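Student: Pasting the relevant annotations from Swiss-Prot:
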- G377, A378, S379, G380, G381, G382, K383, S384: ATP binding site (BINDING)
- 28-311: domain 'ABC transmembrane type-1' (DOMAIN)
- 343-579: domain 'ABC transporter' (DOMAIN)
- 27-47: transmembrane segment (TRANSMEM)
- 63-83: transmembrane segment (TRANSMEM)
- 154-174: transmembrane segment (TRANSMEM)
- 251-271: transmembrane segment (TRANSMEM)
- 279-299: transmembrane segment (TRANSMEM)
Amino acid sequence: MTKPISLSNRALYARLLSYVRPYWKAVFLAVIGMVGTAATEPVFPAIMKYLLDNGFQAKDARMVWLIPMGIVTLFLVRSVIVYCTGYLMTWISSRLVTDLRRTMFAKLLALPTHHYDEHSAGQMISRLVYDVSNVTDAATSALITLVRESLTAIALIGYLLYLDWKLTLITLAIGPVIAFTVKSFSKRMRAASQKSLQAMRFISHTIEETISAQQVVKIFGGQERQQKQFFEATEQFRRAQMREAIPASAMTPITHIAASVAVAIIAFLALSQSTGQAGASAGSFISFITAMLMLISPVKQLATVNPTIQRGLAASESIFELLDAAQEDDRGKRQLLRSKGEICFDNVSLRYLGAERFALNDISFRITAGQTVALVGASGGGKSTISALIPRFYPVTSGRVLVDGIDINDITLASLRQNIALVSQNVILFNDTVGANIAYGSLQTCSRDDVIRAARAANAWDFIEQLPNGLDTPIGENGAKLSGGQRQRLAIARALLKDAPILILDEATSALDTESERQVQAALAVLMKNRTTLVIAHRLSTIEHADCILVLDQGRIVETGTHAELLRAGSYYANLSRLQG
């Protein structure tokens, strides 16, 4: 498995903010707005100072109107700036979420097959949904708080220094206390946040697994087991959140206590007139206290934003782990335009990542253009593994796989796979229409007539015509509205439409009734003519006419020959034939 990346908080946050860089103009405008908001903060205590020192004694009638109007104007301007800043940051946040999810999804499509073997669908879904939300909070919401409250604090501290720099420096002694508190709690919150993310991935995995296996759950009475697993997952998440809440909740009261001590010191020194200007007049004193109390809010916000940042950093580690994962090796430079269909396995061995034994051992065989070769043997013998090596779903451990005499590692993945059609016993359909499932991916440019011809050849047109909207009928999640045989025939129609020179059939007719199988076999016989076909078969009756049959056992080829030759040999294949009657 891919190990989590290890970066310092600063490097991790810098990388996270790099995704905000394309929107620097909007960020710049938002920062200007925050500067404007911060600049208005000291104005109110300054007005209070003037009001207390001069307002009640002043005889100027204009001040009776100017001061109230100034207060209203101040908060009106501030409100407009806050609105514009909030809207801009929300826009940036939505763009960041979209960009991150698109980048991650594109990465998912480029990951090698073994990555999907090691990570559940629920875990990957959680990364795209939950982790991205946490990262966005850290990169936008937390950024707003950091910039806005820092600027506000700077503006208020500047005003306090203007009123009485000595008293201000004394009260700023609480700064190291708050900084120490934040630093000491950050590591604990980061660890707790990582536990929360892991627990959320387990929740997503449990939900995804239960939904996809709902029929098995019902028929085998697994509701209690799945519910227990889900309860355990949610309990893990709750406990992780509570561990995160301990330091997060403690930071605010500690900040308040430190601030209250500072205010108490100010009050004592001002009232005792042991310092200068702040205690010189009632206006100065009230203005100083007001500014000091206003300073508590940004300080508190700066302290409480840390949990959001730590959650975002923990989530960004998970996201960057995915983004930094190795993609499929596609260093091949040669384009395979239209393959002849010649396939050669040259002393191929394969051991899956983390496996102790080899799945394939020294496999060698050659398929000439247009030949039909069948792979038979017990489950786990290596049949599906061989078929997975041709489109390079897995890299070989040793040896070579060649197509038209070219090592497939030297061929671009796209052009190699363009020459291969696959029909698996595990039919995959998409939540779309019948026609879109047949003309899927690169086939979507095919004409409607071509789609109909493929459906007819796969013995699927009769049932398609009976559907409410024919080819335009939605089929539900993975073809849930169709029968097993209908789903299988759509997959065959998709392969027929692709018209690739290399065809891989993994028990492609297993879900068909006798009559449908007869018709599909006839259609496949036409399709297989002058095409190289690799058939993985469990029922030997389906491969009697294969040009060559390879019998596999525990990752090795133990017999080779035609159906008749292998029966006459009276060995492994003949025993399989007798067992199937």
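Any Cβ shown, glycine's included, is placed from N, Cα and C.
Here the structure is a predicted model, which means the values were calculated and not measured.
Let's see these features in context: how buried, what's close, how far.
Tutor: DSSP classifies A378 (ATP binding site) as coil under the three-state reduction.
Mean pLDDT across the domain 'ABC transporter' (343-579) comes to 87 in this model.
Residues 33, 36-37, 40, 43-44, 47, 50-51, 55 of the same chain lie 6 or more positions beyond the ends of the transmembrane segment (63-83) yet place their CB under 8 Å from a CB of it.
When Cβ-Cβ distances below 8 Å are used as the criterion, the transmembrane segment (279-299) is approached by residues 41-42, 44-46, 48-54, 148-150, 152-153, 156-157, 159-160, 163-164, 167, 171, 178, 255-256, 259, 262-263, 266-267, 269-273 of the same chain, each at least six residues removed from its ends.
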Student: Please indicate, using numbers and ranges, the residues of the same chain that are 6 or more beyond the transmembrane segment (27-47) and have a C-beta under 8 Å from a C-beta there.
Tutor: 20, 67, 70-71, 74, 77-78, 81-82, 84-85, 88-89, 92, 144, 147-148, 151-152, 154-156, 158-159, 286-288, 290-291, 294
Student: Drop a 10 Å sphere on every Cβ of the binding-site residues G377, G380, G381, G382 and tell me which sphere holds the fewest other Cβ atoms.
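Tutor: Output over binding-site residues G377, G380, G381, G382: least Cβ neighbours within 10 Å is G380.
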